[in-house]
Structure formats: structure tokens, C-alpha cells
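Record features (Swiss-Prot):
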- 1-182: region 'Large ATPase domain (RuvB-L)' (REGION)
- L21, R22, G63, K66, T67, T68, E129, D130, F131, R172, Y182, R219: ATP binding site (BINDING)
- T67: Mg(2+) binding site (BINDING)
- 183-253: region 'Small ATPAse domain (RuvB-S)' (REGION)
- 256-345: region 'Head domain (RuvB-H)' (REGION)
- R292, R311, R316: DNA binding site (BINDING)
Amino acid sequence: MSLSPRLIAPEKRGEDADQTLRPQTLADFVGQAAVRANLKVFIEAAKGRNEALDHVLFVGPPGLGKTTLAQIMARELGVNFRSTSGPVIAKAGDLAALLTNLEEGDVLFIDEIHRLNPAVEEILYPAMEDFQLDLIIGEGPAARSVKIDLARFTLVAATTRLGLLTNPLRDRFGIPVRLNFYTVEELEQIVRRGARILQMPLGDDGALEIARRARGTPRIAGRLLRRVRDFASVAGDGHVDRLIADEALTRLEVDALGLDALDRRYLSMIARNFGGGPVGIETIAAGLSEPRDAIEDIIEPYLIQQGFIQRTPRGRMLTANAWRHLGLDAPKDLAQQQINLFQEE
């Protein structure tokens, strides 16, 4: 999956790997209150019984803190943290090397687990359930099965596409956790915390302006904060207020709701070329010259959350909110069109 470079893309970039702004404990972590409360209970219970924590599956859009929470869990459990991703584990031997090097209670984090090789996934089942590796050594008549006992570990996995996980794999996670987009108030706290860490003078209105445009995503909030700091240090005295934040983000083509040029192209294309829809995802992908999965996983979730598009049986359709945001007049029969489309289901 690839997408044109975007300031507000929720995927990791080089600068995002900087641990400076990441919270180190559950107490420092802002947002996802129910998730934090539940994880605290599960962690304390596992420590009290001196057992490995049950396997955890984080589900949600990119940039919401899945990796950060996995690191925090290992830290709070007092165990080692090992990290990899689904596409990196190409063969059974790669997984075996990871698992046999784990110590008792260690946390193994697998990002993008929905992209795991099916042959590797088969090896993972007994490892998760029985803490054993079943490997075939040799070939042909000389082949034999070997069982290797593993230390009891905790697998923490992350996915943006739960539907791509097989049922057997999904069912082996005892603690499924769904992460949701953050509120503006939560993002404002995250921005303030980041500014303190960066020793950056930040006014209340400046923090709010950055939070409003962060698309409900902490990773984007941190990235916008850094870019606004650049503008403030060059074009001003280093202090960030609403005017500086607005000027910087407007120049970076991030509008008041966090939409960028690609989002507006998406909405404008449906409005101007297809009368507001419905239009199929393949047509949209061709029109934007972007891959379908990138549109479904990265562009559309936030637009749906903001009430700008609807997914109907016949394709994507703009809502009245989208027409207003574009400054265009919606079709007079928009409401009836939407009713008719959903009656076709």
C-alpha cells in the first residue's frame, strides 16, 4: 500500500520513530480511557498471578498508539519488548528465531499482522496456544516433526484491517482491543505535553488550533506541532498562538478540519465529476491515481467519521456536510437519493 507523501498521513515516518514525545506509562497516556483502565486491570492481574499476560490484539486506524501501548505494557509488566511486522516474517524460520529467543513473560509485538504469510501463521497457532513450535525438519521420506518448547510469552499484535485476519488467528487473542479516534480535547492535552517536552512556548489557542487539525490522531498532532514550531522559530519569535498555527497549517494546505489537498481532491472529484455519487471505489482510485487499499484505510476513515461520505451498496456518496465544506450547492434531492440507495440493501 502506497500513498502520495502527506503531512497528515497517519503512517510512521522517520521523525515519528523519535521516542521523545511518546508516553512511557499508562498514567502518561492521554485518551482511550476505557482501554487504559482495562489494560491496567489485566496487567496487574497477570503480575499478581506471576503469569504471562494473555495475547492482545489492537485494532484501529494508523497513528492511534498501538505500538506505544505495546511498549508501555512491556514496561509495566517489567519484561523485554521485541518488535517486528507481518511482512518481515517471510518464512517459518524467521518466526522460530524470534520465538526461541523470547524469555519468560516477554512481549512480542507484531505490527500489520494481517499481512503475515499464511504458512507462517500456521506455525504461530501452537506457539500462541500451547507455547510450542511444531517444525518439520528435512524433506521427503527423511522429514520428521520436531516440537520445541517455548517460554510463556505475550503476543501483542496490531492491525488496521480486522476483516483480513483469519478466524483461527483472531480467536487466539484473549484480549481484543479497539482504538478509536481521539477527541479534540484529548489531542489538545497531547499537543501541550509535546510542547512542554520540546520546550516550546505554546498558547492555549495555538494548542487548540493544532489539535483541531490533527484528524483525531496523536501521530499527526505531533507532526503538526513540529512543523508549526519550525514556522514560529523562523517567521516569529518562537511562541505559537492561534495566528501562527493557522498561518503555518494553511501554508501546508491543512484546512480547519484537518483535510489536506488529497482529501479535497477526493471530495471534489466525486462532486464535480460524478454529481456527488454514488461512485465505485475502483473509479475513485483510478481518478486519484492512488491504490484502493490506501484510499479505504487512510483517506476514507476520517472522512466517514466527519460525516463527509457514505458507503452505499452502489458506491461512495457525498453528504450535505461535504457539499458545504466544498462551498458547493448540494443536489436538491440529495436526501431522497440517499434513502433510495440504502433501501436497495
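From the backbone N, Cα and C atoms, a Cβ is placed for every residue, glycine too.
Mapped onto this structure are the features recorded in Swiss-Prot.
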residue	record	CB count, 10 Å
L21	ATP binding site	22
G63	ATP binding site	28
T67	ATP binding site	22
E129	ATP binding site	12
F131	ATP binding site	16
Y182	ATP binding site	25
R292	DNA binding site	15
R311	DNA binding site	13
R316	DNA binding site	25
Cα proximity to E129 (ATP binding site), best match among binding-site residues R292, R311, R316: R292
For the region 'Head domain (RuvB-H)' (256-345), the DSSP helix/strand/coil residue counts are 53 helix, 9 strand, 28 coil
Which of the binding-site residues R292, R311, R316 has its Cα closest in space to the Cα of Y182 (ATP binding site)? R311
To the nearest whole angstrom, what is the C-alpha distance linking R292 (DNA binding site) and G63 (ATP binding site)? 20
Specify the nearest of the binding-site residues G63, T67, F131 to R316 (DNA binding site), where nearness means the distance between Cα atoms. G63
What is the interatomic distance between the Cα atoms of R311 (DNA binding site) and G63 (ATP binding site), given in whole Å? 23
Please state whether DSSP places T67 (ATP binding site) in a helix, a strand or coil. helix
Going by DSSP, is L21 (ATP binding site) part of a helix, a strand, or coil? coil
Taking only the residues in the region 'Small ATPAse domain (RuvB-S)' (183-253), give me the average pLDDT of this model. 92
DSSP three-state call for Y182 (ATP binding site): helix, strand or coil? coil
Would you mind pulling the longest C-alpha to C-alpha span across R292, R311, R316, which the record has binding DNA, in angstrom? 14
